[in-house]
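Copied over from TrEMBL, here are the features:
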TRANSMEM  12-33  transmembrane segment
TRANSMEM  53-73  transmembrane segment
TRANSMEM  85-107  transmembrane segment
TRANSMEM  128-153  transmembrane segment
TRANSMEM  159-178  transmembrane segment
TRANSMEM  185-207  transmembrane segment
TRANSMEM  239-258  transmembrane segment
TRANSMEM  279-302  transmembrane segment
TRANSMEM  339-362  transmembrane segment
TRANSMEM  382-401  transmembrane segment
TRANSMEM  413-437  transmembrane segment
TRANSMEM  463-484  transmembrane segment
Amino acid sequence: MDPSDQKLFTVVDFVIFGVLLAASLGIGLYHALSGGRQRTTQEFLMADRSMKCLPVSLSLIASFQSAVAIIGVPAEIYTHGTQYWFIGCAYILGLLIPAHVFIPILYRLRLSSAYQYLELRFSKPVRICGTLTFIFQMVIYMGVCVYTPAFALNAVTGFELWGTVLATGLVCTLYTTIGGLKAVIWTDVFQTLVMFAGQLAVIVVGVQKTGGVSEVWRKVWEGNRISALDLNPDPTERHTFWTLGVGGVFLMLSLYGVNQAQVQRYLSARTEKDAVRSCYMVFPSLQLALALSCVMGLVMFACYCGEDHSSKLGTASRDAMVISFVMDMLQGLPGLPGLFIACLFSAALSTISSAFNSLATVTMEDLIKPHFPAMTEARATLLSKALAMSYGLLCLAMAYLTHLMGDSVLQVALKIFGMVGGPILGLFCLGIFFPWANSTVSIRRAQHGVACFPTVRFYSLSYMWYSAFNCSTVILIGLIISFLTGPMKAEDVTPGTVYPLLGKLLCFLPERHKKKLCGVTPQVQTVRSRAAPRIVKLVFTRGTSTECILVSGVVAFAL
């Protein structure tokens with residue numbers, strides 16, 4: 001790259017970028033010194049279960065809308081057209097199902113880790129297996145999230161790449177460690193607003209410089225970047241309506257239904273209604289975020305007419321073109337380049353901090369506390385903070401591996417979620433929807449069934465089908481093993497861990513047949529009193545007997 005062609009930050013850009021980092025650190029410091037001062041694991045890991053639906057919903061958006069999406073989606077649209085936009089169709093079921101199935105079950109059980117459910121429903125080895133799989137998934141993904149904005153900052157400032165990787169990771173690790181989940185959620189709120197502002201600024205300036213909306217439309221239409229509805233059923237096709245609209249549902253479920261980073265936000269809400277509302281509020285915001293990224297890709301195509309300008313930044317990566325485009329559009333407008341890089345870092349910091357906090361939570365709740373039940377609260381909190389910091393440093397190392405990958409950052413991220421998140425989703429679905437699925441150790445094999453599945457055809461599937469294929473394989477193998485080893489009896493199923501899906505689908509059958517097929521039918525009643533305003537009474541019908549479970553925080557007893 002010719003240094004004379006490199007478009008560097010101005011003083012104003014550095015100020016704006018510095019304000020972003022300072023604000024994020026300030027929010028973390030505020031929550032470290034206010035309230036309970038993060039002295040308990042309940043406050044540090046779960047925000048005292050006191051968050052309202054608006055900050056929770058914005059945090060849910062920020063956790064998913066990472067720098068990977070802000071750079072990767074425009075590059076995808078620029079290269080392949082608008083077919084990817086159809087993934088927005090998957091957001092409907094991908095959020096409705098968690099809101100009405102996963103959130104009620106997990107929230108009423110008053111869990112800290114989503115994988116505690118796996119022990120309640122199956123066994124402790126299954127819980128540990130799920131936890132380790134999640135840790136593996138998030139550590140790899142965090143490498144992608146740390147590397148992406150660091151690469152962008154290196155491109156526009158000339159800073160050393162690994163110096164910017166280190167700065168990204170350390171800032172995020174610091175405010176996550178000192179401020180806990182409250183700091184993570186409130187910085188997510190701030191950073192979400194910065195994300196939208198940065199993308200909008202690039203689009204407005206880009207449209208203006210290209211000649212207006214009509215000129216942008218003319219160029220993208222003539223360049224065949226407006227994709228029609230592709231109903232090709234071939235699962236090996238990279239992007240069709242089916243791979244995005246159907247395969248994308250499973251991807252969304254793995255993210256918004258059972259991923260600890262998202263589940264932890266639901267569980268931090270004050271009430272179950274707030275948790276469900278936050279999930280509903282995510283939908284329009286995710287559609288807006290997707291639209292901004294896709295429109296940005298179209299404006300970029302109208303500006304460059306399909307030419308490859310990534311060489312300006314000394315790399316052949318199409319992801320780099322987004323940075324080149326931003327600097328071309330915003331050059332000469334002091335502050336706006338800094339705003340967009342702040343936008344990228346906001347997306348990255350929000351995603352990374354969410355991961356650090358959730359990784360610390362599952363490690364503490366699933367791997368450490370069960371072996372040290374007598375650990376004091378003060379020591380547990382200190383250890384949780386140390387875990388958050390340790391995961392931060394580990395993810396910095398993973399960023400180096402991302403540097404060696406050849407695919408676009410978007411495709412790498414979605415492959416990770418499909419290959420690793422899909423089996424976890426399958427395990428939860430197996431427990432929630434199939435009451436006869438048993439808790440034998442064979443279920444662990446089902447979680448890893450994809451790796452052993454005898455097919456070469458799997459590798460030619462569209463990466464958007466990975467999650468659906470893996471989830472279905474886990475369910476199929478799990479059910480087969482359950483029937484071969486003896487289906488679980490209704491009285492052995494932990495109350496509150498099963499959703500009566502078959503009961504709802506088979507509503508036309510006589511009641512006695514539904515009871516045999518469904519095993520457990522939950523009916524939910526809410527009991528409020530001055531002494532225990534958040535007590536939830538769950539009534540479960542098993543055959544002819546009725547059991548009432550009274551759950552209030554850590555108190556649970558059967559009548």
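Including glycine, each Cβ sits where the backbone N, Cα and C put it.
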Any contact, the transmembrane segment (239-258) to the transmembrane segment (413-437), with at least 3 Cβ pairs under 8 A: yes
Stretch in 12-33, 53-73, 85-107, 159-178, 382-401 most in contact with the transmembrane segment (185-207), if contact is a CB pair under 8 A: 53-73
Proximity verdict for the transmembrane segment (53-73) and the transmembrane segment (463-484), three or more C-beta pairs under 8 Å: no
Stretch-level contact, the transmembrane segment (413-437) and the transmembrane segment (12-33), CB cutoff 8 A, at least 3 pairs: no
Whether the transmembrane segment (128-153) meets the transmembrane segment (463-484): three or more C-beta pairs under 8 angstroms: no
Candidates 12-33, 159-178, 463-484; stretch with most C-beta pairs under 8 Å toward the transmembrane segment (382-401): 159-178
